[in-house]
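Some notes on the structure that comes next.
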Amino acid sequence: MKDRFYMTRAIKLSKLGEFTTSPNPNVGCVIVQNKKIVGEGWHKKYGENHAEINALNMAGEKAKGSTAYITLEPCNHFGKTPPCCDAIIQSGIKNVIISSLDPNPKVSGKGVLYLRKKGISVKIGLMSKESQKYNKGFFKRMRTGLP
């Protein structure tokens, strides 16, 4: 029940980047420690920090041992920004709950595998339909190549 509460918050945060992140997706992240939100963020603008980094910056040391709720699978490749997976691992987060896998072939399951390989518990699919509706264009573009 609480998982849905935190993911709902992450989805609401993701909507804040609706007109500023293209061609990247809208992503929200909430970090929870002892049933309290200690960090939250969203991808604010293309080329700038992703949601996970903004949430980790807010959480600071409180991220250690926490759970992250993320609307889209974290990246584990270098693009305009460094991999979010590395930052998650370095922060000491123990659990990651992801709403949707990233359909981008550069990511698509690789972020999940990487986090699991590093000992982080990962769950996928919480409120996936709800989060994907705010990224319809991104999902369509990644799956079909069409705008």
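Note that Cβ sites are derived from N, Cα and C of the backbone, with glycine treated the same way.
From the candidate list His43, His50, the residue Swiss-Prot records in the Zn(2+) site shared with Cys75, Cys84 is His50. Fewest Cβ neighbours within 10 Å among the binding-site residues His50, Cys75, Cys84: this applies to Cys75. For the domain 'CMP/dCMP-type deaminase' (1-122), the DSSP-based tally of helix, strand and coil residues reads 45 helix, 27 strand, 50 coil. Proximity of Glu52 (active site, proton donor) to non-local residues of its own chain (separation of 6 or more, Cβ distance below 8 Å) is seen for Val27, Cys29, Gly41, Ala68, Ile70, Pro74, Cys84, Ala87, Ile88, given in sequence order.
Model confidence over the domain 'CMP/dCMP-type deaminase' (1-122) is summarised by a mean pLDDT of 97.
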